[in-house]
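**Q** First the structure, then my questions, so here it is.
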Amino acid sequence: MAPETNEKCKACGGFNFSMIDGFKYCDRCGTLLENFEELEAEEGGIQQTRGAGKIKIKKKGGDDGEKKTTNLVSTNESNVQIMRKALEKRSDFFSRQALKNDELAFPHESTPDYLYRLGLRLAAFTQVLAKVGHVLVKELNFEPRVLPTILATFQRYLAHCHVAFCHSEQCGSDEQLRFVAMMENLEFEQQEREEKRRKKLARRGKGVKALSKSAAAWTLLTQGNITENLDLDSEEDEEEEENPNLNKSMENLEFEDTQNDETVAVNDTTVGFVRKITTALSTEALRRARQMILNLEILVAIIHSALMSCGYRNVLASDVVRWIREDRFRISLRSIRLMRHSAKEQETKEAMTKVDYAEPYLRFPLYEITRTSTLFHQSLNLNEKLVSLNFETLAARLCDNLNLPVEFLSRVLLLESMIPCDVNPSLRKQADVSMGHNCEQLAAIQPKLYNSGFLSCFGRKERTWREADNCDESVKLALLRIQCICRVLLSPDTKLMAYILLVFRLTFDIDNATCSPDSKDALKFDIDTWIHQLEMRLKCWQEHDMSMVLRSSCPVPDIQISTPFGPNYSYYDKKGNPWVHRLRRQVGFAKCIPSEMSFNSTSSLPTVFDIRQNRFKTERRQLEAVMSPLKFQRVILRKEMERDPEKYRNIVDPDSEKTFFKDFTVRKVLENTQKIAETSNSFDEYFPCASRYTIYKRPDWIQNCTARSKQLSPKIGPYRFYISNQACDDLLGVATSSFSPRFKFLLDSLALIIGEDPKALYTAFVMLEMHLTSSDTLETIRESLLRSKPITVKCQKFRKTMWHVECLRRVVTEHPVGKIEDLKYFIVASTRESQEELAESSEAYLMHFRNHEIREDLTSLEAEKVQNRVLKLAYDFETFFGILAVKMW
């Protein structure tokens, strides 16, 4: 019989077949051609023989009907439906590639959600630290040991949080504490194909082995196909052999524990689409790592701590913040985004990252950054490693940057010798992390309580819904409006500027004196000329057009635009209704130089309308540009005038140009300064305006500056005292109307130089002023605190519906202390004499009449209940702020 196409005997390879009873047999060996349709129909597809096992004959083409049906259905679809499906696939692809929520596209599908991009955050933060250390050493000419010190400080931070470089990072042989990663097996399809091929080859080998031992081998050879369609299921070979090459690279991976001398093998198990990896990493360490704070505020704290550990006494925290904003470290926008948590975490109710997510670009005033740095310093206990800051060195640096006379510096040092100042960067006198949560405790806290724990890191906690402004735990956490605590910490930078500001008021009559004409004495210091120079140099530092600044009459508008409701208020529409929300942290702060971070050196595309361009980058690496940027502006202006002389030839005012480059360091503050120094040591002769010194307006009462020590039950326990945002706002708001234009300009300018909010600088100024003007009162308060004697403070209890009643409180320390630095908690108790004094007061009747006039329908029982319900307690400003001045200065 002539062979048909593709017909070949698979036993002997012959091409000639004979038809016998409807079946084809090979003419050479007699093997049946592999077509079992009639055999399947007649005998049911199963042939039983006596041998080693059962012989199963497979069906071919069983799914042809289904395939034909599917093809018929697909051909019946219209072209519109086919195009719609193709368009949906294409739109899904582009939607997956699009950036959402200002985040980069990362493979979230293949990364477990519980990892929180941990590897990306740690790697990005470490790379930024390494780059910062390289720039400090190679470009800013710091010592080479700064780089390893920065990395060692970060290592200590990880060890403190029990994340890495510690024994708790490993779990040993306890499998319950191991971290088990459940991941998607991306190579499942490929492994499945390889497994099918392996089983197919194994069946062939088993079939050959069965044929060699079977008694009915001839029957099998003549009636079955032993290469593909023969499937033997023997009792001896029920268990499948595992692939020895599968996951060979993971089986030999071991981890050594140096302390316990235990060897922990990493188990990698793959079951279908799921890949289960049992690691030697502790689950607790991973949980702490994903909750630890990694942002630019911690970066500032690490850099400042490393520089002070290397012995640099003249570097302030404001300098490090300014270097980051000036793009000296070339931190890219991508690195900042990698340090942040992903958008998926922000959508969950247990998001612990709103503290970092609210402001990632360091747009904070200095006191906000100081708070995080203080938390870092006190948590790691770096006091032994850090060098002590020298007030004289720092004051000389600031006076040189401001181009002030040397005699002015001597007056600043004289004032500091009379009123000592604590310039320790740990700020133990203002805040103590032992009263709340440190970095290690924040990393170990539950996600639901993380935000409230961060708010109470120094023991402060908002008490009521309205006072907290959606800043409480549990229910309020779901709203995700938490920003931060309302505590203001006075940094050493702010205290130094407060001394300079007070010396100006004590030496010059900046409030009442008129603008004096130019003095003929070339060696006399003219404060009006110096203020003009300060204003022009600040404009030059802010990148204004100097051809406009140096004109005789040309107003230079401010670049910044104030928000409608204040600097720390946000306005938004909610369902058509306007909402004004007060932020706990002053995010979006722009009263600094530069006002925002610049990414010019790391951006892929140039910014066309960016006014923050870096002029003369080579000169920016000079020591004067790094440490005295305001004084360095004379070099910048001189370079610009040399580059484009035609621009400044006929426009610039000669007097303004002369004032801009004038040197005041050798000028005399007063005409008879040398005579005063030789003949007398009187305070009034050194400070001529001290005898007629006037105090600006101050509020009568201060509130929201106390909190209980108990976090879970805020109605019991002793109190802690602090400076709140509201107290600073009230203090500056009341005094602003009495400011003179000169003092207002000096306050804003000095705060602008260090990147501080003017209200924090004025609060430090008032504290220093109280030490000078109310020294007897503060000394009495100091002795009472050290001896644990009660201090009587006048108060007002504000109740519902504007009820308020005067009362008295006695403030005493919780425990006797030997020095003010050890003072933590206070006991505030009511006095029995309070009601008697109120009864004898001349205003008691008027107050009683006014309170009851508001609610005439109140019964006696209701009035008694209202009197016992106190909403707020305001303290007398002079006494309470005096306690804060003694404790914190």
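Start at 1 and count along the chain as shown; that gives each residue its number.
Glycine residues also receive a Cβ, built from the backbone N, Cα and C atoms like all the rest.
Summarising the annotation, Swiss-Prot assigns Zn(2+) binding site to C9, C12, C26, C29. Here Swiss-Prot flags 230-243 as compositional bias 'Acidic residues'. Look at Swiss-Prot and you will find 35-101 tagged as region 'B-reader'. For 114-351, the entry in Swiss-Prot reads region 'N-terminal cyclin fold', with the evidence type similarity to another entry. The region 'Disordered' annotation in Swiss-Prot covers 229-253. The feature region 'C-terminal cyclin fold' is assigned by Swiss-Prot to 352-510, with similarity to another entry given as support. Positions annotated as zinc finger by Swiss-Prot: 1-33.
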**Q** Would you list the other residues of this chain near Zn(2+) - those whose C-beta lies within 8 angstroms of the C-beta centroid of C9, C12, C26, C29 - in sequence order?
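**A** Everything else in range on the chain: K10, A11, G13, G14, D27, R28, G30, T31.
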**Q** For the zinc finger (1-33), DSSP counts of helix, strand and coil?
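**A** Tallying H, G and I as helix, E and B as strand, the rest coil: 0 helix, 9 strand, 24 coil.
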**Q** If you average the pLDDT over the region 'N-terminal cyclin fold' (114-351), what number do you get?
**A** 72
**Q** What is the total of other Cβ atoms whose distance to the Cβ of C29 (Zn(2+) binding site) is within 10 Å?
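**A** Other Cβ atoms within 10 Å of C29 (Zn(2+) binding site): 13.
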**Q** Taking C9, C12, C26 as the binding-site residues to compare, which has the smallest set of other Cβ atoms within 10 Å?
**A** C12
